[in-house]
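First comes the structure, then the notes that go with it.
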Amino acid sequence: MMSGKHFKAHEVSCCIKYFIFGFNIIFWFLGVAFLAIGLWAWSEKGVLSNISSITDLGGFDPVWLFLVVGGVMFILGFAGCIGALRENSFLLKFFSVFLGIIFFLELTAGVLAFVFKDWIKDQLNFFINNNIRAYRDDIDLQNLIDFTQEYWECCGAFGADDWNLNIYFNCTDSNPSREKCGVPFSCCTKDPAEDVINTQCGYDIRAKTVSG
């Protein structure tokens, strides 16, 4: 009787062990993929050959998202895989504590965002304005802003006039850019019947608004 219970408990233990292993190896592979994409993007931009250029970008480099998320997934996946496969109590504890820390940080961030919502709003506006200034400085940042504006159907943080912060889109007399007093194409409302994106649809938009 005792041997039957022991066998059943051992069978359940094996199922949990290989379930955790299978879940974490997928997690680990995803982490490797995120890191590879991030490093490839930096390689394409020449950052790996000139590490000091990391600090040159005025706005946010989206590649950091891939590297940070990929790094965390890689570490967690590795600890979970090896810990489950080898039944290593240290790695399993590390895995559990790491997950607990991430959950605690997310909970803390949520509480702080609620308590200091005005400060968070100011910092968010500052962050968005910095990235508007750096719109043409980095292709990944440019694509991220365009995607965000298209997805949320918005233009800048507060409106189209936010693009006056960018040297290519501002309305100053000294601005020689063809995009002067305009907005990026991602601000435009798209016609479903059009198959080709009109990248010049934002030209002179704010100039027309002012004159009108």
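One is the number of the first residue shown, and numbering goes on along the chain from there.
Cβ coordinates come from backbone N, Cα and C, glycine included.
Lifted from TrEMBL, the feature list:
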type	residues	note
DISULFID	Cys154-Cys187	disulfide bond
DISULFID	Cys155-Cys171	disulfide bond
TRANSMEM	21-43	transmembrane segment
TRANSMEM	63-85	transmembrane segment
TRANSMEM	97-116	transmembrane segment
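Around Cys155 (disulfide bond), a 10 Å sphere centred on its CB holds 21 further CB atoms from the protein chains shown. Most other Cβ atoms within 10 A: among the disulfide-bonded residues Cys154, Cys171, Cys187, that distinction falls to Cys187. Same-chain neighbours of the transmembrane segment (63-85): 17-18, 20-21, 23-39, 41-42, 45, 47, 91-92, 94-95, 98-99, 102, 140, counting only residues six or more beyond its ends whose CB sits under 8 Å from a CB of the stretch. Reported as a whole number, the C-alpha separation between Cys155 (disulfide bond) and Cys187 (disulfide bond) equals 5 Å. Annotated pair Cys171 (disulfide bond) and Cys187 (disulfide bond), C-alpha to C-alpha distance, rounded: 17 Å.
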